[in-house]
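The domain 'Cytochrome c assembly protein' feature in TrEMBL is assigned to A:21-170. The transmembrane segment annotation in TrEMBL covers A:7-27, A:47-67, A:79-101, A:113-131, A:143-163, A:183-204.
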């Protein structure tokens, strides 16, 4: 089972994503108004979906960690990997959005509610990951970062609904009813491919985080930068 | 003489006792208030230097500058708010008291709020002098904005101050965690202050105050629930 996730999932994910992108970039018709520029949707939209999914996973792990009376390291490690993967996906999503924004809106960046709330989200999770690096005690780190994750997750619904609440420059989420079926299919295939890749990536990152946590608890001086005094630092008695 | 039995102390009683202790320490030194008042005044002065002596521009943006000065000063004040407890392991002593740990949160957050309200009150005459602002819709509106804005900065700020006071690189960590989180509060407080200072012909003040109130309800609630987990050992 483990081997299947480790090797099978990324391979299948890459193949599906490749098919999805081929369909999106070569098979689907160009948009009537935006032309070929619109095709970045097959990259940008799945990236943002997966980023939101990863951030939501981080929130669920944080809540579960705080609710459990005896939480182990698994929840904390999963929360850490979800935040990291989500941050990378969200940043890529924002960059692809900016690349699309330049020819379409005329600017890379606009202070639109969706873009602004997304930027706040990315900075929030950067802070979350920085906090994790600055706390040595693994127990305290797990609890504190769970609290910070919950406080930060309050922004997630704002990011998601911002396009509906404010109706600004960024368009409202489309639904299969409003989009041509020839565009829905590549979008769905790309999203499934990226979902599989994201799951594989999450598992990979999770295994590393869990191993790190176990090493930290078993041997505090084994990890670099753990703050614990190593044998070489012991002052010699004169 | 019969030894008096310890009376059980409720959440409100414990909060007030802790708040009284913090305010007393603050009153005896006045170190924190003095520092943040001069820091915030220097910030207001810096805005006028950075932008040039254009009084019309300064007056137009006064609400935003005011809240940026309060936000920067609040980081200093929040960072200091747990110093008394982290020295000599006094947090252990406070935690051992037979009282609800959430009282520590309420007292610290209320103490920070009071300090920011005092700061804002002292900054207003400086803004009148430096930026030439007038208060168009009245001091009750201004007081409401100041109170709600200070509450909104203090609620998540106190949670983060408790975390960062025990972490490495605490001076970097607190603003890094706090700034992105309080952007909605900062935005609505600055807009509301601008409306109070320049008049509110379209009657928009209420919606911004509502946003601030909602922010406060969410973050005071979440902070109140989660704080005991932060200080547990």
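Our numbering is plain: 1 for the first residue shown, then up by one each step along the chain.
Glycine too: its Cβ is placed from the backbone N, Cα and C atoms.
Values in this document were obtained by computation on a predicted structure and should not be read as measured data.
Same-chain residues lying 6 or more positions outside the transmembrane segment (A:7-27) and placing a CB less than 8 Å from one of its CB atoms are 39, 41-43, 46, 182-183, 185-197, 199-201, 203. Outside the transmembrane segment (A:113-131) by six or more residues, the chain places 55, 58, 80, 83-84, 86-87, 90-91, 93-94, 97, 141, 144-145, 148-149, 152, 155-156, 158-159, 162-163, 165-166, 168, 170 with a CB less than 8 A from a CB of the stretch.
Among the recorded stretches A:47-67, A:79-101, A:143-163, the one sharing the largest number of Cβ pairs closer than 8 Å with the transmembrane segment (A:183-204) is A:47-67. Proximity of distant same-chain residues to the transmembrane segment (A:143-163), defined by a Cβ-Cβ separation under 8 Å and at least 6 residues beyond the stretch ends, is recorded for 52, 55-56, 58-59, 61-63, 65-66, 76, 79-80, 83, 113-114, 117-118, 120-121, 124-125, 127-128, 131-132, 135, 170-173.
Mean pLDDT across the domain 'Cytochrome c assembly protein' (A:21-170) comes to 90 in this model.
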